[in-house]
Amino acid sequence: MNTYLRLLAFVRPYIPRLILAVICIMMAASANLYIPWILKEVIDKVLADKDLLTLNIIAGGIVVVFLLRGIFFYGQTYLMAYIGQRIIIDIRSAVYRHFQRLSLSYYEKRQTGTLMSYVTNDVAALQNALVDNVIDGVTEGMTLIGSLGAMFYIHWKLSLLTIITLPLVAQTINIFGKKLRTTSHVMQERAADITSVLQETISAIRVIKSFVREDHEIQRFENENYKNFRAQMKNAQLMALLTPIVEFLSAVGVTLIIWYGGLEVINGNLTAGSLIAFLMYVVNLSNPIKRLSRVYGGIQRSLAAAQRIFTVLDTEPEIQNMPGAVALPAIRGEVAFHSVDFSYKTGEPTLQDISIQARPGQMVAIVGASGAGKTTIANLIPRFYDPCSGYISIDGIDIKTVTVESLREQIGIVPQETVLFNGSAYENIRYGRLDATRDEIIEAAKAANAHQFISRMPEGYETQIGERGSKLSGGQRQRIAIARAILKNPRVLILDEATSALDTESEKLVQEALDKLMSGRTSFVIAHRLSTIKRAHVILVMEKGRIVEQGTHEQLMAHGGAYYNLHQVQFSSNKAAR
Ligand SMILES: Nc1ncnc2c1ncn2[C@@H]1O[C@H](COP(=O)(O)OP(=O)(O)OP(=O)(O)O)[C@@H](O)[C@H]1O
């Protein structure tokens, strides 16, 4: 019921149109009710009395009825399509808006394909159900009530006999409805699984090919495909059973009517025209019963989809503004961690007792083995996650007390892998600050050593890059990311050094660009190569979530501990590589 009410909230803005649509549907459906009555009049009066004038009037009337029916049919279809599409657009936007608000942790726990299927499959299921069910529901409901009324008017005993079968049919529909709801839920989940495997394997096609796992993936896909088939068939089987059962029950009723009605005509209690009209109304009746059962199935399906959509909308983002959070004023860039502990999963600490002091403009390098927690430290600064205990301050202000937006606006991130959006090089750099002028964008590209290669591309800054555009090299992508960050002009920077090696020339260009970017800003550099961080003001050496050493390169080398060892390992492997 709750789901119905919530769906109704989306329908509310379109209620005037919906009323108009329902009027159109009722008017169009009422044509089904006129025809048997007209036939009764023709047989009992016009044909019996050979009344030519009335015959002409009736013939003209039928044409007019069908003309009007056509007009109302147009109205119902157009209006319902409009309302259905509008509601779907609203729901889809609501889900998408909510997706943008949800925290990173939400995405990490779920597969991309599943999330995509909420916006595609579920919303589409809802749309079909909304439009078709309202039209069918009103048309058939109206035909049902109108036909029953006319039947009782013609012969109430015969009508009672007919509707004895109705509770039987209703009960059957009820039982099937419950089962259908379960099977359609499973069906939607299976469809989401397929999308999910598909999405995963398409984006990982390189990995699949490099491991020669095509057959393995085909097998996996076929498993999901088959599971989907099973779920679809279960649903189809129920649907296939429902119709014949309902039809059989209806047929038994019709036979009874012909027998008893025939007796009444023979006994002179009923005219021939009335019996024919009565039978036509009964036929009218079987259609709504059949269709209404389908509407019922459709409603169950859409409720299942709606429930999944509402579950998404009900998920609260983990990272939220505190009540009364204020905007972070323009910062100088003093970043401090105060005894911060953090874990992704309760009971498995990822960071323990982290304390860091970075003065404005300083470069802090974080080094350590893979999995030591370097990225996690960086993730806490823009509040992608919140510490479990301890706190982080910027210019002495606890970052939990300010709005997330104002905090992230002042932090620049250059990730390991640059994500390019479909669009021109210009647009991709502008992502750093949407109101930047063309000159500012070109300035940023120049500072990031990106101007030259962009200018050399066929359409310069207008060249399409990203998934569907020209491919850029690793170093070029990084320079686009650096240009973005320069444009954003943040006081605090987080650099995740790319692990993939660049050639010396490209490396030099990237390093130069990074140096320009970092100058004057507080920067946290997640370093994989020690050569780039010698001049860092502080180097933090991480081991299993703890800072085990900190100091400058010289201090740490002199200390001869973990950093020294890391250095020796890298130095000797570099030498070996040469
Ligand atoms: N989103 C997550 N959910 C659960 N555990 C995570 C998540 N991200 C990282 N971890 C775990 O936390 C630990 C620290 O990971 P982190 O990414 O911070 O290490 P890192 O030092 O940056 O490693 P690398 O150099 O390989 O990038 C690892 O054991 C990792 O498996």
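Using N, Cα and C of the backbone, Cβ positions are placed for all residues, glycine too.
Quantities reported herein were computed from a predicted structural model and do not represent experimental measurements.
Features of the protein shown, as given by TrEMBL:
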- 19-301: domain 'ABC transmembrane type-1' (DOMAIN)
- 335-569: domain 'ABC transporter' (DOMAIN)
- 14-39: transmembrane segment (TRANSMEM)
- 51-72: transmembrane segment (TRANSMEM)
- 158-177: transmembrane segment (TRANSMEM)
- 238-260: transmembrane segment (TRANSMEM)
- 266-284: transmembrane segment (TRANSMEM)
Check: What else in the chain is close to the transmembrane segment (14-39), if you only count residues 6 or more beyond its ends and a Cβ gap under 8 Å?
Finding: 58, 61-62, 65-66, 68-69, 72-73, 75-76, 79-80, 82-83, 86-87, 134-135, 138-140, 142-143, 146-147, 150, 273, 276-278, 280-281, 284
Note to self: How about long-range neighbours of the transmembrane segment (266-284): same chain, 6 or more residues beyond its ends, C-beta under 8 Å?
What the structure shows: 32-33, 35-37, 39-45, 143, 147-148, 150-151, 154-155, 158, 162, 253-254, 257-258
Notebook entry, point to check: In the same chain, who gets a Cβ under 8 Å from the transmembrane segment (51-72) while lying at least 6 residues past its ends?
Noted result: 24-25, 27-28, 31, 34-35, 38, 41-42, 45
